[in-house]
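Quick notes on the structure that follows.
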Amino acid sequence: MQSGLNNIISNFIHIKGNWYTFPFLVVKIMASKTGSTNKANYVPLYVMLQLGVVTRENKFPDQEKLEVQLKELKAAGVDGVMVDVWWGIIEAKGPKQYDWSSYKKLFLLVQKCGLKIQAIMSFHQCGGNVGDAVYIPIPDWVLAVGEEDPDIFYTNRSGTRDKEYLSLAVDNLPLFGGRTAVQMYSDYMKSFRANMSDILEAGTIVDIEVGLGPAGELRYPSYPETQGWVFPGIGEFQCYDKYLRQDFKKAATKAGHPEWDLPDDAGTYNNTPEKTGFFRSNGTYQTEKGKFFLTWYSNNLIYHGGQILEEANKAFLGCKVKLAAKVSGIHWWYKDESHACELTSGYYNLAGRDGYRPIARMLSRHYGTLNFTCLEMRDSEQPEEAKSGPQELVQQVLSDGWKENIDVAGENALSRYDPAGYNQILLNARPNGVKKNGPPKLKMAGVTYLRLSEELLEEKNFSLFKTFVRKMHADLDYNPRVTDVAPLQKSKPKITIDEILEATKPIKPFPWDEETDMSVGSDD
């Protein structure tokens with residue numbers, strides 16, 4: 001083939017008039033074809049910035065130090081960074097009193113360093129979850145409403161409130177100076193667009209991840225360390241505020257069961273399933289009453305996510321960004337019949353019922369990306385008594401996203417600097433490997449590494465990380481075009497809850513290879 005091409009070129013070299021044209025076209029066409037094939041295997045790699053890169057006082061103190069770090073990431077081939085944009089910082093002074101000045105400086109610095117941005121609309125508190133190194137509460141004036149009406153917060157059966165994030169029960173209640181929670185989130189996102197318009201237009205911001213719950217995840221705060229939860233506790237249902245109690249009573253009465261109430265046998269944070277009446281074998285969760293409650297609990301969560309994503313779509317319509325929502329990787333008790341901690345978190349996922357594909361279907365309406373966690377974890381690394389199944393869970397959730405024809409992205413749950421962790425992420429990024437002659441059958445839209453730190457930048461760790469970046473890119477050079485995004489389209493017409501619930505029918509996940517074909521090496 002190559003000698004034939006050489007003959008063609010050499011023949012035309014001697015034909016006057018074609019010396020610059022025909023052979024150039026032959027080479028150009030072949031290069032283009034090869035390039036498009038290779039690029040299809042490239043998975044963009046982002047790095048999460050420090051939680052307190054902008055301080056609670058809305059200062060950006062370490063600009064010079066961060067610039068050095070960003071340039072190191074850029075030199076390593078990293079595509080961009082992810083950053084929390086904290087509600088508790090931006091709207092701290094009062095309703096609609098937004099101050100974006102420090103984030104504007106940060107974003108301009110990232111842009112100057114040639115990196116893209118994944119911006120999280122962080123409507124939750126920082127502090128109280130695994131890895132939270134700083135404390136940034138939601139705005140004080142919102143917390144003040146909770147002093148008068150504590151039922152705006154998620155509440156467990158014993159009456160303990162969780163102030164990380166407003167209860168979905170107040171999404172549409174005008175309790176905040178005449179605004180509903182959804183209106184506050186919407187106003188915030190519109191202000192972000194207006195104040196970051198130049199950076200959005202430059203194509204620097206490529207993802208808007210919308211915070212939909214604690215830790216920015218679409219879930220209930222069912223396992224808060226601040227209330228004494230310890231891994232692998234099953235967690236607790238968080239629906240005992242007066243507003244959700246009323247909503248459940250209304251739903252149960254409409255279903256012909258006014259006598260039904262919220263669960264009183266689901267145990268406490270650190271129970272095991274068998275220690276409870278609700279989650280034990282043949283427990284309440286398998287009864288008609290239990291199924292009704294779990295459907296109501298999980299449907300509320302899906303509706304909550306869909307409603308806020310619709311507002312996000314309106315706020316960023318026409319911008320060259322993708323919307324995203326994060327789903328938590330609750331891998332403990334996944335191999336138990338009850339899936340207890342998934343259920344308390346709002347993911348109604350059992351052997352005969354898929355709890356994640358309905359979320360993917362909801363996201364598809366808003367052209368949303370499903371961002372999933374725990375990509376680095378392997379079953380063998382987990383304690384046997386936790387009945388964890390991170391590998392099977394990741395396989396299920398990513399497959400659900402792909403079956404619903406949406407982009408799937410992800411991140412590691414805990415910082416890792418070892419080959420095994422990187423190789424597991426690489427396997428999940430391309431479950432069937434690189435395809436030489438076209439796009440791979442399965443490929444994640446992007447991976448975000450948690451997180452930028454001094455430890456990551458240590459010579460030994462960073463050397464391996466650079467190899468990881470290269471392997472995420474399928475051994476290709478950095479390509480800025482891979483992260484280009486088309487303008488966001490308007491959300492599709494509303495779909496009924498019945499159409500969403502059709503997606504609860506279990507499907508067989510796609511097959512995964514045993515190991516990645518883009519290994520960074522081994523510990524040996």
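The backbone N, Cα and C atoms fix where each Cβ goes, glycine too.
Automated prediction, rather than curation, is the source of TrEMBL annotations.
Annotation source TrEMBL lists active site, proton donor at Glu217. Here TrEMBL flags Glu411 as active site, proton acceptor. TrEMBL lists Asp84, His124, Asp132, Lys326, His331, Thr373, Asn412, Ala413, Arg451 with the feature substrate binding site.
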Binding-site residues (His331, Arg451), the one with most neighbouring Cβ atoms at 10 Å: His331
Close in space, distant in sequence - Asn412 (substrate binding site), Cβ under 8 Å, 6 or more apart: Thr373, Cys374, Leu375, Glu376, Gly421, Ile425, Tyr449, Leu450
Cα-nearest neighbour of the residue listed as 'active site, proton donor' within the listed binding-site residues, Asp84, His331, Arg451: Asp84
